[in-house]
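Asker: Please read through the structure below; I'll follow up with questions.
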Amino acid sequence: MELSPNNSTDQSLLDAQLELWHTTFAFMKSMALKSAIHLRIADAIHLHGGAASLSQILSKVHLHPSRVSSLRRLMRVLTTTNVFGTQPLGGGSDDDSEPVYTLTPVSRLLIGSQSSQLAQTPLAAMVLDPTIVSPFSELGAWFQHELPDPCIFKHTHGRGIWELTKDDATFDALVNDGLASDSQLIVDVAIKQSAEVFQGISSLVDVGGGIGAAAQAISKAFPHVKCSVLDLAHVVAKAPTHTDVQFIAGDMFESIPPADAVLLKSVLHDWDHDDCVKILKNCKKAIPPREAGGKVIIINMVVGAGPSDMKHKEMQAIFDVYIMFINGMERDEQEWSKIFSEAGYSDYRIIPVLGVRSIIEVYP
């Protein structure tokens, strides 16, 4: 029974509680997604042609017999959050027929784990790993106290994320695979949407490019461009060998190999203002003048750029707080402009074609 108009105050209280609950329990969306990834439910549905009943999913996933009834409840969360779709099985009423679960654009990104070029399973697995998630339980205390190190991750784990990747092979693989999966998707879109960014150059160095996913995508699309990756020695040691991409061990704070263009994909948001200026000054030393085609290509968020709907705005705001776990930050155009100016660059161009992220061309 609905509340009467005289009880509008009560309804307002219930509406407020609903909003509070929606945010409080939002972590269950992430945990449901993590479970779906662990069980490889998207693969199970894909193996049945993109639509599968619960019993068909059960035939493909490894599930303890006592958990069968709980899977239906998990799928209810995953369908209401649009990870999967649902439709009634033909031949019965909507009330008594077993639902058929279908793939959505979201769950298609979860097919194939690391075997699919555009699969985002490794990235989601990285972000939802306890090592990444646990520092945020300290976020409130972080705001109240001046800690010995401003990095929440280091405060929680005793060392920074890049130190941990160097010492923990399992975590290192998790991070490398996660970042590589994001690079494969976003650079693929960048090439299709703004191919002109990569035209007119004969060489490119991907600074902090990890195991080379972005550089390999660019090399494949533009075979005439000689691509290389600069990263720390322990990262380069695990890079693929059968590729046209050259891997160079080094430190971007010391020097960057010469090239027509430098790519910084999801790098600068890890660093504070002064460090960004240092990195970009080294980039400027590595590239020729603008007249000769020299430029820096940045793939990162520009807060306020791109689509203006609430989902995009919310994601930019959320990611800005997320990146605080390594003392990073997202920046608006004014903040980017100040960094470019201090690093000695003459001009820049923002190309907002990557959803919540943008391509920024920066010219010496």
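Keep in mind that glycine also has a Cβ here, set from the backbone N, Cα and C atoms.
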Asker: Report the candidate from Gly208, Gly293 that shares the S-adenosyl-L-methionine site with Asp231, Asp251, Met252, Lys265, as recorded in Swiss-Prot.
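Answerer: The one candidate that Swiss-Prot places in that S-adenosyl-L-methionine site: Gly208.
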Asker: Can you tell which of the binding-site residues Gly208, Asp231, Asp251, Met252 lies nearest to His269 (active site, proton acceptor) in space, using Cα positions?
Answerer: Gly208
Asker: Taking the Cβ of each of the binding-site residues and counting other Cβ atoms inside 10 Å, which one has the highest number: Asp231, Asp251?
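Answerer: Of the binding-site residues Asp231, Asp251, the highest Cβ count within 10 Å belongs to Asp231.
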Asker: Are there residues of the same chain, six or more positions away from Met252 (S-adenosyl-L-methionine binding site), whose CB falls under 8 angstroms from its CB, and which are they?
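Answerer: Result: Val207, Gly208, Leu230, Val267, Ile279, Asn282.
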Asker: Helix, strand or coil by DSSP: which one applies to Gly208 (S-adenosyl-L-methionine binding site)?
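Answerer: In three-state terms, Gly208 (S-adenosyl-L-methionine binding site) counts as coil.
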